[in-house]
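*Asks:* Next up is a structure, given as structure tokens.
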Amino acid sequence: MAAREESTQSANRVLRISQLDALELNKALEQLVWSQFTQCFHGFKPGLLARFEPEVKAFLWLFLWRFTIYSKNATVGQSVLNIQHKNDSSPNPVYQPPSKNQKLLYAVCTIGGRWLEERCYDLFRNRHLASFGKAKQCMNFVVGLLKLGELMNFLIFLQKGKFATLTERLLGIHSVFCKPQNMREVGFEYMNRELLWHGFAEFLIFLLPLINIQKLKAKLSSWCTLCTGAAGHDSTLGSSGKECALCGEWPTMPHTIGCEHVFCYYCVKSSFLFDIYFTCPKCGTEVHSVQPLKAGIQMSEVNAL
């Protein structure tokens, strides 16, 4: 029976990554709130909030604490991940929310601690008296001890997965799921579908360069021309040098390949370099040599186009 309860608790234990993600979400929310708040004073005198920045931040974080931890027993990041705080000092196995004193001490340790650190830094920054120097050394020593304690707590958290922050360990509160978590069934349908599509995409990437798209397009164009019966008009334009047999536009630097049709130099040269067995899409003549077109075209014909 005890082994079954232990396995159930381990199955419902909050993952370390979920607790760390909740902390990161809280930091992102604080940055977003502060950036949006400072945008409200964008048109005011520069440096207006600089003198009272620690107090303003403390007020905003206190406002967030009032409507998150104090009322809902969870931060915003924890609520997103279906996590909440639990009173670890309670012997009752049923969920017990943190007491009012624990919530108040949590606000004092987190909000008050950050405010005190920022305000003391501003206070000691421009003071050079001996008394202030000793107080600054004591403050730095205390901050160093707290940093060391946070490091040790983080190492213990990585090992045991409980108490993500030093404040939670000191106050005796830890993260639990809001609702009991069922055993998740692993399905591979999505993975199989993704592997199938990735394999198909790699096959297309390998196959498409082997297909002569331009030659295939020319074949289809010639078949469509035969089906629509417009070969006489196209041959007239091609033989008169007014239309490229590949792109269908006025030939730029017109060249021939040994038949009566005319090509742009870029069109015929690129097609020939891509396919040494390139043939004319209109009449099927093989390329013997690419020669400039030697023909006289009246300016009246050019203007008529």
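Any Cβ shown, glycine's included, is placed from N, Cα and C.
Below, the features straight out of Swiss-Prot:
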type     : residues                       : note
TOPO_DOM : 1-15                           : topological domain 'Peroxisomal matrix'
TRANSMEM : 16-42                          : transmembrane segment
TOPO_DOM : 43-48                          : topological domain 'Cytoplasmic'
TRANSMEM : 49-74                          : transmembrane segment
TOPO_DOM : 75-98                          : topological domain 'Peroxisomal matrix'
TRANSMEM : 99-125                         : transmembrane segment
TOPO_DOM : 126-133                        : topological domain 'Cytoplasmic'
TRANSMEM : 134-160                        : transmembrane segment
TOPO_DOM : 161-187                        : topological domain 'Peroxisomal matrix'
TRANSMEM : 188-211                        : transmembrane segment
TOPO_DOM : 212-305                        : topological domain 'Cytoplasmic'
BINDING  : Cys244, Cys247, Cys264, Cys267 : Zn(2+) 1 binding site
ZN_FING  : 244-284                        : zinc finger
BINDING  : Cys259, His261, Cys280, Cys283 : Zn(2+) 2 binding site
*Asks:* Sort out for me which one of Cys247, Cys267 has the most neighbouring CB atoms within 10 A, since those are the binding-site residues we care about.
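*Replies:* The residue with the most neighbouring Cβ atoms within 10 Å is Cys267.
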*Asks:* With an 8 Å cut-off on Cβ distance to the Cys244, Cys247, Cys264, Cys267 Cβ center, who else from the chain surrounds the Zn(2+) 1 site?
*Replies:* Ala245, Leu246, Gly248, Glu249, Pro251, Thr252, Phe263, Tyr266, Val268
*Asks:* If H, G and I count as helix, E and B as strand, and all else as coil, what does DSSP give for Cys267 (Zn(2+) 1 binding site)?
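*Replies:* For Cys267 (Zn(2+) 1 binding site) - judged by DSSP and reduced to three states - the answer is helix.
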*Asks:* Between the stretches 49-74, 99-125, 134-160, which one has more Cβ pairs under 8 Å with the transmembrane segment (16-42) than any other?
*Replies:* 49-74
*Asks:* Please report the distance from the Cα of Cys280 (Zn(2+) 2 binding site) to the Cα of Cys264 (Zn(2+) 1 binding site), rounded to the nearest angstrom.
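*Replies:* Here the two Cα atoms lie 13 Å apart.
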*Asks:* Where else in the chain does the transmembrane segment (49-74) make close Cβ contacts, counting only residues six or more beyond its ends and a cut-off under 8 Å?
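*Replies:* That would be 29-30, 33-34, 37-38, 41, 83-85, 97-98, 103, 106-107, 110-112, 114-115, 118-119, 122, 178.
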*Asks:* Quick one: of Cys259, His261, Cys283, which binding-site residues lie within 10 angstroms of Cys244 (Zn(2+) 1 binding site), measuring between C-alpha atoms? Sequence order, please.
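*Replies:* Taking Cys259, His261, Cys283 one by one, the ones whose Cα falls within 10 Å of Cys244 (Zn(2+) 1 binding site) are His261.
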*Asks:* State the count of C-beta atoms found within 10 angstroms of the C-beta of Cys280 (Zn(2+) 2 binding site), not counting that atom itself.
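*Replies:* The answer is 22 other Cβ atoms.
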*Asks:* For Cys267 (Zn(2+) 1 binding site), identify the closest of the binding-site residues Cys259, His261, Cys283, judging by Cα separation.
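*Replies:* So, of the listed binding-site residues, the one sitting closest to Cys267 (Zn(2+) 1 binding site) is His261.
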